[in-house]
Amino acid sequence: MISRSNNFDFLRLVFASLVIITHSYALSGATQGDPLSQLTNSQMEFSYLGVHGFFIISGYLIFKSLLRCKGLLDYYWKRLLRLFPALIVVLLITVLLAPAVYESSVPYLQNKSVYTYIPQNLTLFFRQKGIDGVFENNPYKHSINGSLWTICYEFSMYVMVSLLFFIRKKAFIKTVVILLFVSSYVLSIYYPYFLYGLFHKLALGTNHFYNLMCFFAGGMVLTYLNASKRTENILIITSFIILIISLYLNVFKYTCYITLPLLVILIGERSTRYLNKVGEVIGDTSYGIYIYSFPIQQALMYFFKFDTVMLFIFSLPLSILLGYISWHLIEKKALGYKDLFAKKAIQ
């Protein structure tokens, strides 16, 4: 279903930008939600579309990656290379530049939270939100990089998908994937706090986990969709109409797990002129944009006290620039080693 030329890089760039829009409201101290939140009676905001769009695409592509992998070592190696090099660099840069926005009577190098910030965030699951004394007078306090909260859930999905590697019958894998989607749908809507105690020990919220798992699984299910172009067009139009009607009727939470994956994957796997060249022109910058945008916005608020609109106008190009640098200097080079264990498996 997926081809080499597609719209996924463009969609991920859009999703990263949508997250920045919502964060511009929260970090500037705006009392109201973003325009989409206001328009939909708080049923959906731009960051909702952005984050869940990422998870839908991730479910679709990661599942395909698992089916191609030579072994679990190969699979996990590729996942770690995608997440950690850029994450390590952004955490290091944060600690090195934090003294410029530090306000505390305790000397920076004597602050214990400075030394725990990197190791705790590298665990993914036991995240340290900030460094004491950093951004203390910003409208949104005590958080340096709020975007990092989703990474532990992303990694959890990687682990969940890897369990399918032990199922040898392809037909049974399909059944399990469908059951995974159905069960996560039921849990997300009707039992969002099921196994709360267990998840709490891993610093995971059950409601977030089931919600994100359902979108991730929605992407996985759609790897099995093999429809004609005409049928895909009908599905896109129908999904969009249902989405709009469900927002109007305040039942979006019941339909979003089906309509959004269909829209994202069916639009993403197409090859639209110009949109399909985004990856070739600037690279896969979305992850870098996502992990740098929050601290950039916090720094802009610290120095310039921007209003919501100005914060977005200045933070978007800066985030894209750092995402571009991160991709070409860090992420792309790291991914050059992605087949290290695949080659060994072949030998």
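The backbone N, Cα and C atoms fix where each Cβ goes, glycine too.
TrEMBL lists transmembrane segment for one of the ranges 8-27, 208-227, namely 208-227. Residues of the same chain lying 6 or more positions beyond the ends of the transmembrane segment (234-267) and with a Cβ under 8 Å from any Cβ of it are 7, 11, 40-41, 43-44, 49, 52-53, 56-57, 59-60, 181, 185, 188-189, 214-215, 218-219, 221-222, 225, 227. The average pLDDT computed for the domain 'Acyltransferase 3' (7-327) is 96. Within the same chain, residues 1, 51-52, 55-61, 63-64, 150, 153, 156-157, 160-161, 174, 177-178, 180-181, 184-185, 187-188, 191-192, 194, 199, 235, 257-258, 260-262, 264-266 sit at least 6 positions outside the transmembrane segment (208-227) and bring their C-beta atoms closer than 8 Å to a C-beta of that stretch.
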